[in-house]
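Engineer: Right, I'll just put the structure down here and ask away after.
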Amino acid sequence: MLALEPEMARLSDAELAAKTELFKQRLSNGESLDDLLTEAYAVVREASKRILGMTHFPVQVMGGIVLHEGNIAEMATGEGKTLVATLPAYLNALTGKGVHIVTVNEYLAKRDHDLLAPLYGFLGLSTAVVMAEMEPEAKREAYRADIVYVTNSEVGFDYLRDNMVYSKSDKVQRGLHYCIVDEVDSVLLDDARTPLIISGAGEEPSVWYHLADLCARILKKGKDFTIDEEARAVLLTDEGVQKIEEMFRVDNISDPENAELRFYIDKALQAHYIMKRDKDYILTQNQVKIIDEGTGRISEGRRYSYGLHQALEAKEGVQIRKESKTLASITYQNFFLLYEKLAGMTGTAATAAEEFKAIYGLDVVTIPTNKPVIRKDLPDKLYLTREAKLRAIVKDIRACHEKGQPVLVGTSSIEKSEELSKLLESEGIPHVVLNAKNHAKEAAIVAQAGQKGAVTIATNMAGRGTDIKLGEGVRELGGLKVIGTERAANRRIDNQLIGRAGRQGDPGVSQFYLSFDDDLLRIFTPKSIKKRLAFVELEDDEPIDLKFLLNSIHAAQARLEGVHFEIRKQTIEYDAINHEQRMTVYKQRDEILEPDFDIVGELRRMTEEVLIKEWDEAALAWLEASDEDHKKKARLRMERLLSRIGVNPFSIEPRQERLEEATMFVKEKIREKAIQQTELIRERHMEEHFRLFLLQTVDRIWQEHLVTLDSLRDAVRYAGYKNVKPVEEYNHLAFEAFNEAMERIRLEAVLHVLEYPNTEFLQEWEKDIS
C-alpha cells in the first residue's frame, strides 16, 4: 500500500476522487473488498494528506486492516484512532449498504463527523451524524448516508423504535451492515450489564415497597443478614428468615407462592445495604438519579430496573414513581451482533481479549505505537489508611505544581473528586474539578490538562476520546503526570487513565496511590495478608513497601473482573432466550409490513388453523371426559364454535360412532367460513384495517409478554428450591409463555375476522379471550 504513494501523489484531485466510482464498478464486476483494499487505502491516505493535512502512519494502516477484517484494534491513546477508522469506513461504504461509526457520546460523534466529512465528501461519499433530538424524517435521511456517526444508545434505540412502526416507510434505519465501535470496551463490556429499554407508563407502585422498606430497617446486620461485598449481595440468616416470616405471617418465605414478597424484601435490602448514596446514586430535587460508575456523571433519564429504583425511592423517603412498563428492549450484546460485520477500537482491550472472543467472536490485535512509549509507570504506593494516602497525594500534587508540571488526577467518583478538591483548596493549590454533564465542556477542560502548571481532577473515564497535548515547556518538566487515587474495578479503566500521559512519544509519568480503606483492598484482601500487616511496624504516613501486597491488588482486580464477567454472562444467557423470541416477533412484523404481504391469505390460513385446532381439542375433550360435568363443558365449547361458523349447534349430535363424520363436516364448514369472511374483507378493501389490527395485536401481546418475562426472571431466582438452575427454569417457563402469547395473537386475529363487519362484538370477544 505504501508503495502506491508516488502513483497516488501524481493523480490530480479529479482523478483521485474518480477512483471511488471505479472501485464501485470493480465491485459490481465481481471483485471483493479485499481485492480493493490496498489501492482503496492508498487513495484515502493521499486524499487525507490533501484535504485534512494528515497522513496515515503505517501503524494506522495496520489498524485499518484489523478493523476491515472485523476485529478489535487496540491502539494507545493519542495514536489517532479517529483517522484510522476512515480507511475501513471508506472501503466498506463502497458497497452502498452504509457504515455506522459508533461513539460513546454525541459530542464525539459530531466532532469526528465534522472533522472527517470534507475527506469523505472529496471522495464522493455522503456522511451524516444522528442526534437524539432529530425528527424521524431527519434521522431517516441521515441513515441513508454512506457513513453515519451515531452514539451506541441512539443506534440501539432507533432499531427498537423501527420495530414498533406501522408502516415500512416509517423506519429510519436501512439495515445493519458494517459497524466500527469506538471505545469498544466501554460499549460492549462496561455498558453490557444494562439493557436498552423503551418504556411506557406502567401501574401505580405497589404498597409492598414501603412495607419491605420498613422490614429492611428493622432487620439487624450480622444477626438477621450478612453482606457479601464481593458479590454485592445481602444474605438472610435463619434468624432473619424467621423474623420476616413472623412479620408477614407466612409459613415459608422460600415457597413459590411467596416469591413476590421475597422479591420486595430483596430489593429493599439491596437498596439499604448495597447501594450507596453519592456513589451509586444521588438525591437531587427529591429524585433518585443514577451515577454512571464508569464516568462519574449523572445518567439522566435512566432508572434501575426490576424494582430497585422504587426501593431506593422508598429508602430515601421521596415519592415512588410509577413502575415503568417495558415496550421494547435489547442488550448491547445482541444488538451489535445483528451487524453483518462488527469491529472496534480502543486503547484498552487486551485484558478482556478472552471475553471479546467468547461473546462477540472478535479477536483483539494490539497495534504498535508510532513512536516508542517513554512514559514512566511508577510502582504503586500503598498506605495503611485513606487519610495517609490523601496526604501523600496532596504532597505530590504540590511538588509538581510548584515546578510547573501539569497533573491529571483520576478519582472513582464525584464524591471523591470533591473531597480531594477541598484538600487542595486548603493548601492553596489552584485546580479544576471535572465532573461536568456537558461532554463538549468536559473535552475542552481535559484538552487543557497538559498546560504548564495545570491541575485537573476528574473521574477516571471523564473526557474519554480527547487527547491531552503538552503545553510549551512541559516536555522538559517530564510531561504530564497522571495520578490514580485508587485502583479501579477493572484494569482497563486504570490503563485508560495511565494512557492519558505519554501520547505519541511524549514524556509522562503515572503513579497510583492506594490504601487498605479503598473498596478494592478492603473487600478483596485475604485475611492472611491482613494478619501479616499486624506485625509490620511503620509510621502512618509511610508507604508499605511489600511486593506481595501489591501483587494481591492485581489478583483482587482479576477477581472483581471475574465477578463482572459472570454478571455479563448471566445477562447474555437470559437475553439469548428473549432474543430468539424477539427476532421471531420482529420477523413476523417485518413480513406484515411488506407492501405485497397477502393479509387476506394469511388471515384465511390462520382462521382455518385456529378453528380446526379448537374443534379437535373440544372433540377430544368430549371423548375423554371422565364425568358428565366435563362432557358438558366440552359440548359447550363445540356449540360455541359451531355458532361462530354459522352452523346450528343442535343440528350435530356428537356420538362416538359418528364423531369422525361430524368432524369432516365441521372442518369443511370452517373452510367455507374462512373463505367467506376473508373475501368480504377483500371486497370491501379492508386489507389495511386488518393489517394494522394484526400489527397492533402483535405489539400489545408482545409488550404484555415482556412484562411476563420480567416477572419470570425475578421468580426463577428462587428456583434453587427445586434443584434447577434458574436460567434453565427461565428457559422452560419463557418458552411456554411465548407459545401462549403467539396463540393469543392468532386467536384475537381470528375472532376479529369472524365478527367482521359486526362492530358490536367487543364484549363477547373479551369474554372469549379471557
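Heads up, the Cβ atoms here are built off N, Cα and C, so glycines get one too.
On a predicted model such as this, the values are computed, not experimentally measured, just so you know.
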Engineer: Can you match one of Asp467, Asp494, Asp517, Asp518 to the ATP site that TrEMBL gives for Gln60, Gly78, Glu79, Gly80, Lys81, Thr82?
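Structural biologist: Between Asp467, Asp494, Asp517, Asp518, TrEMBL records just one in the ATP site with Gln60, Gly78, Glu79, Gly80, Lys81, Thr82, namely Asp467.
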Engineer: Per residue, counting other C-beta atoms within 10 angstroms of the C-beta, which of the binding-site residues Gln60, Thr82 reaches the highest number?
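Structural biologist: The residue with the densest Cβ neighbourhood is Gln60.
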Engineer: List, in sequence order, the residues of the same chain other than Gln60, Gly78, Glu79, Gly80, Lys81, Thr82, Asp467 whose Cβ lies within 8 Å of the centroid of the Cβ atoms of the recorded ATP site.
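Structural biologist: For the ATP site, the extra neighbours are Met75, Thr77, Leu83, Val84.
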Engineer: For Glu79 (ATP binding site), just count the other CB atoms lying within 10 A of its CB, please.
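Structural biologist: Step by step: centre on the Cβ of Glu79 (ATP binding site), count other Cβ atoms within 10 Å, giving 26.
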Engineer: Measure from the Cβ of Gly80 (ATP binding site) and count the other Cβ atoms within 10 Å, all protein chains considered.
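Structural biologist: Gly80 (ATP binding site) is surrounded by 19 other Cβ atoms within 10 Å.
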Engineer: I'd like the number of other C-beta atoms within 10 A of the C-beta of Lys81 (ATP binding site), please.
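Structural biologist: Step by step: centre on the Cβ of Lys81 (ATP binding site), count other Cβ atoms within 10 Å, giving 24.
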Engineer: Test of understanding: give the count of other CB atoms lying within 10 angstroms of the CB of Gly78 (ATP binding site).
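Structural biologist: Here the count is 21.
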Engineer: With the ATP site defined by the record as Gln60, Gly78, Glu79, Gly80, Lys81, Thr82, Asp467, how many Å span the farthest pair of C-alpha atoms?
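Structural biologist: Site span for ATP, by Cα atoms: 16 Å.
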Engineer: Under DSSP, is Asp467 (ATP binding site) helix, strand or coil?
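Structural biologist: SS state of Asp467 (ATP binding site) = coil.
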